[in-house]
Structures are given as structure tokens and as C-alpha cells.
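According to TrEMBL, the ATP binding site annotation covers A:43, A:44, A:45, A:46, A:47, A:48, A:49, A:50. Under the heading compositional bias 'Polar residues', TrEMBL lists A:796-813. Residues or ranges marked as domain 'UvrD-like helicase ATP-binding' in TrEMBL: A:22-344. Residues or ranges marked as domain 'UvrD-like helicase C-terminal' by TrEMBL: A:345-622. Residues annotated as region 'Disordered' in TrEMBL: A:792-826.
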DNA sequence: GGGCTCCGATTTTTT
DNA sequence: ATCGGAGCCC
């Protein structure tokens, strides 16, 4: 009788718990209820892996391993069964008095650690845990990136391994400076073996947990290997002296710490009884080791990954970690998630076609209940401008049908490909955001101020001291710096320590005054940190170091970028303030510096702004968009030129293609271009092998009208040549504008960054342009530019297909027909048609640099500003 | 010690 | 095309 009741209760409990996770599919639920022991989840793209992670953690905390256990802590009564049955039937929570019977070995939230690769992924996990478990419980789960987790561990134990608690985190720029110093000190010629290559080799060693000693001990394959081993040891010593870790060190030294200190390891193994690792296919040997050191004797380790999406082999990720997981952890349960909830079947089939050509894979085939959708749209462009125009066309059509800009993403193999798209979008007034490229925190002035801040936190840091000791110029030159370094080495102390009593050294007598002045500044900064808030401290740094005065002087001299730099420093202070607001009492200088070291551009990508987003496929991993443009699908671009000699590299490129394709939810647009200008040279490329790998039945191919050698182009084609004057000349005008706008210190990407950072989303570029006045030369001029390198490259390539249309790009007659080159004038009240935004009415007109800024109220998309002579704009009627 | 000019390299980069 | 680095001159 009692046993029957017990059985009934357990069956009901399983039903009850299953109902809590009712929205999951069978495989997902299986993953959630597999609570103990090693678990490998092979999660295909779009298969809901984050959902599984979140639900699995929720189940651990709410029910532990109760599901399917057939266990109860006490005798079951009729009332228990009745109450549970009622809860199931009514879909309500079971009464609190049943709690103890619904949970078995329930895990406390602080016993769970979830590791991801990006801050964005960690943030998303935390957010969803909060939603599912409630604020309190959700926040107590430790969800962070590999690197933040290591920083947290290292902060606590740094002194045990000979580092200061307030260690500095070096970025790649710092690392290069250190390596350069090492080269100099060891008199190594960087022409034979570039600093970058040495850093790369060293980074691979650290990924593989090879110590400097081991690297030296292992017979080198060649001279370069021997140099690398030599500089590795010297580099590590420098970082240790400076009290700094680079990104790879964070992992490497945490592994050493856990491996060598039993009590530390046991502390974490006891604390975190359940471990979950996301994107497992991208872990390195060191990260694998870290995870296994954190895994306690219960072996509650759950890894989620997709071998087909491993795209960071070049950075030390070893796909073997996922391929061998079952062997390394005996008793592993493996679950495959193959149902895709993201894409249409045409997109998915295309992705499957491509990835099937790889040999090194576990093998799985994604399927979906979603409809077929459109076929994959493949467009062959004439050149990169044509490609950009086509993308703008499609986006325009979508907007007219009520779509949103933010639903569109343009993905490419390398950052250099963004320039023509960005240029075209800017001219057409299409709001966009480029993710990646130069980060805000990588700007020189920002890094300088951060360096000042970090030497106050960590006075041992000679590398950052060198960076700013003479910035702004204060008459401390290289000779002096080397003398200080020499003295510091002799006395086995830091350079700053030497500077603090510079007057005691005869060798420093010449530069004594500037040095003591510098020391005074440093002392005042120390005082500021102690007495004022963090954001006040930041602004003191800008002021007291003379940085502000220097920039003001440059502005006075007429340096155009100085004002921008000043603005960036203002932004920096704002960022510090935001950090303080977020962390309240816990805000520390170390914490802020840690944040800026570990946070990347993609983390600040905010999907709420209505803009088209442009990024590399690497950056797009983990994201999804309704409409995806995968551009530059050409041999030599994608797959990249560098990868074509190695089968393993080609497979990685193919996985990257797979990642790109599977970002698309509704429609995928792939384009290739017959010619492409890259690094100032025009090349002719064959369509990518990845395109040929897609079965024709899933594709719909179109070629650019320009390629069909039709002189009379229909539709927008004709309006294009009418409205964007002079083809290449228009393009050169715009690029000239881009250059002057960024004032020469930013690249194409940073101009995009500026554009979107300081500009409201849908306002487009017009407002910013107006705000900056019109110092830009070359902007309004639609005069044809010299035939230039494109023309030259063109004719040298010279085939009949090429000669079909040199017109648009060399300023030959067709492009200069009067209609194209006559500046257009608009009056308020004019009705115009814009290629992308559709029909609208001109509200305001403002002259600027021989052109007009036209403010138009579009019927579909509202008010936007565009440049009259560059936007694809046609006047329909006059008032 | 500071500034200018010429030369060369130039995939991808969650941290 | 474009940026950064090294070398040269004041």
C-alpha cells in the first residue's frame, strides 16, 4: 500500500517536473535531466543550446536529481499524491510542504559554474537564469568567461605565486611592446623572425601549457624556433617583474596554481560541484586542463559544443577536446541536438551540403520543422561596389515591405571587406554599425590615460610606464628611459622606484628636473585615487598629466583630430562613471581596468538600435539574424588565400562558411564578385568552392545586370547611373569624405564606429555631417577622378567581360553624361524617390561643400538626411 | 629629443 | 588604399 503510493508519487513527480520543462523537445529534456557524471551535448547551430544550459541549471537547483530517481525522503501520504496531482492538473506550483519531496540532492546556486567564451554569452546566460530562477538565485550562479573566471581566481591567490594582488592585464599591444624590448635586449633582428610571429608561437605554447623551460629544453626545429624559445623565457620574466599577465597567462597561471596547490584546487572543487562549459569545440589544451582541474571527483562536468562550428583552431583551439571527450571521461553520456529552430530548410540544407565536405567531424545532420522558405539567393556582382549596391537594393525592398534595418546583417571573411559596403551605405544614408575593427579602448589617447591609471594601481608596471612617461612630451627621451631601466635592473626594483629618487643618481643628473616633475605628478595621482571617486580620478589623470593641455594646444594649432580625441577622453570619463554606477561600493580601479581589458567590441553591440550590422563571420558566431548577406564568396577571399595549401585550414574555412550560413533565419543572400579591389589591387576571383558545394536545388542564382552587358538597364539600374553621379568618381568622393571625417587617425572601421557612436541610429549620417561643418574636401565634387589604379588594373586584366563596363569606374563618357554630373538641387516640398527608403517629401535643404544636405520625410521609414548628389535619389515632382 | 617622410606589410582574433 | 614603423634630419 505504502509502496504503491510511493511509486505513484514518484511517477507524478516525474510528470510534474517534466511539465516544468514542457517547452523543450525530447533530446533537450534528456540533456536537462542528465544531472550527474560527464555529459557531452553536441548542439547543432540554432538547436537551443543556451536554453538547454539555462534549463539544466534550473533543474539542478530546483529539483536536483529527483527526476527519474524513484526516491522520496519519507513515507508518502494520500494527501501528498492528491496535492501533486492537483498541481499538475491545474498547472500551478506544488504546495511548499512538498518541496522536500520534489528535490533530491538539490544543488545550491553557488555550487554551479558556467563558463563561456564571450562576455556576451555569459551575460545572456546570467540574464536568462535571473528570469528563470529569480534575481537572488539566478545571480548566485557563477557564469563568466574563461578569462574572467581566471582573473577572479588569480586575484585571490596571486601572492602565493609571486604576483601582486593588483596585477595588470596586458593586451596584445602591451605584449608587443614587451617583446620588442626583449628583442632589443637580446639583440635579435626582427626582420628574420618578426615580433608578431614570436608572440604567436609563444601564445601557442601557452595554449598547450608548454613552459619557457620546456620550450628551451625541447630541441628546436629551426633557428626561428630557437629564437622563440629564448624570447619566451625573457618575456615571461619581464611580465612577472611588472606584475602582469597577458591573456594567455591568465589561463596558464591559473592552471599552474590549481595543479600545484592542492588546497586551492580542493577549495574550488568543493565550491563548484557542477561545471558547465559552453562552446567546448573552441577550447585549447590549457582550457581543457583548467576545466578538468576544476572538476571534482563526482565528475559533474557538462560540455556543450559543435565540432562543425570550431573556427578558432588558428588561435590554439583543439577540436580534439570535443572529439575525444568520451574517451577521456569514461561513462560519458552523449546527447545530440539536431533539431534546428532558427532557419528555413533551404538555408539548413545549404549548410548541410557545405559541411558534409569535411572529413574530420563527428557527423550530424540538422533538420527543422520550419518551412522551406526562399531558396538561397546567390548574386554574382561585377565588383565590390556592385555587390554593395545589390545589398542596399535588397534592404530597400525589405524596408518597403515593412522590414527593419536591424534584421539585416552583412557578414564577411575579413574586416577589409567592410569598407566598400560602409562607403556605399554612408552615401545612401543607410544607418549601419560596424562591429569589430578598432575598439574604443584601443585608441591611443584612451590607452594612454588607461596606462596612467594602471601604473597607479600597479607601480611595478614598467611597460605601461614607458608608454606614457613622455606623453605628453616632457623632455624624457629614450636615452634617459634606458638609463632608468638599467638602474632598475641593477637594483632589482621598478623604474618608478628609481624615478622617485632620481636626484640620487649621477647618471640621471641631466634629466633630473623632468623626472622629479613626473614623480610629483605621480604622487598627485596617487593622492587623487585615495581621496576622490573613481571618475573624478580619471578626469584628474587627464588634467594633471597635462594630457588635456596638450590636446587643447593641438586644437588651437588647428589639428583636426585633437577635438575628436578630447571627445574620446570625455567618453572615457563617462565610461568610468558608468562602471561606478554599476558597481557601487564594489567599484575599484583594478575592477575597472579589468573590465576594459576583457571586454570587446561585440559585447557593446546593441541590437535595439535599428541599423544594419556589419561584422566578420567570426564575430557573428552565436548570433542570428532574419536576413543575412554573406559577401565575398570567392576563392582567395573565402576560403582565404592563406588557407588553400592546407587541408586542415580549408576545413576550418568550411566550418566558418557553415557558421555564416547558419546565422540566417529567414533569408540568406550570398554574393561573389568577378573582380574585387583589395589592398589597392584589383583581382579577378573565381566563385568560392563553397558555393559549388551547395546543391543547385537550394539556390537561386542571379548575375549582375552589368555583367550581362546590357546598356539599357531596367529598374533601379538606370536610376543608379543617373543618381549616383559618375560611378567611381562618386565613390572616390565619398571615400575622400570618409578620410577627412575621421581626420586621418581612424581607419574605415573607426569611421563607422564614430558614425554610429556619436550619431543617433536612424538619423543616418546627415546630421553628423552637418554638425561637423563642411571642412571635408572632395565631398561634394562629382568631378571624375583620375582613372586611377582601378582603371590600370582593369585594362591589364583585360578580358572581354571586363571591358563590358569600364564605364562606371574610370570616368569614361557614359558616366559623365550630363544627367549624371549635373548637381541636383532640391527645394522643400519636392517629392523624391530614394532607392532604399522609397518615396518621400523634402522637408529642409541645407547647402554644404558644393552639395546639399536634404532632410526628407519618407512615407515608410520617417525622416532621414542624405546628401543630394550622392544618395540614390530621384526627383519625382516639384512643388 | 622631436618631427617628418618613405617603405612595407596586409586572415580570421570571443579574451 | 592605408596604417604603422623605422630611419633621417633639425
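Glycine residues also receive a Cβ, built from the backbone N, Cα and C atoms like all the rest.
Other than the site residues A:43, A:44, A:45, A:46, A:47, A:48, A:49, A:50, same-chain residues with C-beta atoms no more than 8 angstroms from the centre of those residues' C-beta atoms, the ATP site, are A:52, A:306, A:337, A:340, A:341, A:342. In three-state terms derived from DSSP, residue A:50 (ATP binding site) belongs to a helical segment.
There are 23 other Cβ atoms within 10 Å of the Cβ belonging to residue A:46 (ATP binding site).
Sequence-distant contacts (6 or more apart, same chain, Cβ under 8 Å) of residue A:43 (ATP binding site) comprise A:49, A:52, A:304, A:305, A:306, A:337. Long-range Cβ proximity for residue A:47 (ATP binding site), meaning a same-chain Cβ under 8 A and a gap of 6 or more residues, is found for A:337, A:338, A:339, A:340, A:341, A:366. Between the binding-site residues A:44, A:48, the minimum number of other C-beta atoms within 10 Å of a residue's C-beta occurs at A:48.
Residue A:49 (ATP binding site) is surrounded by 22 other CB atoms, counting those within 10 A of its CB over all protein chains shown. Fewest Cβ neighbours within 10 Å among the binding-site residues A:45, A:50: this applies to A:50.
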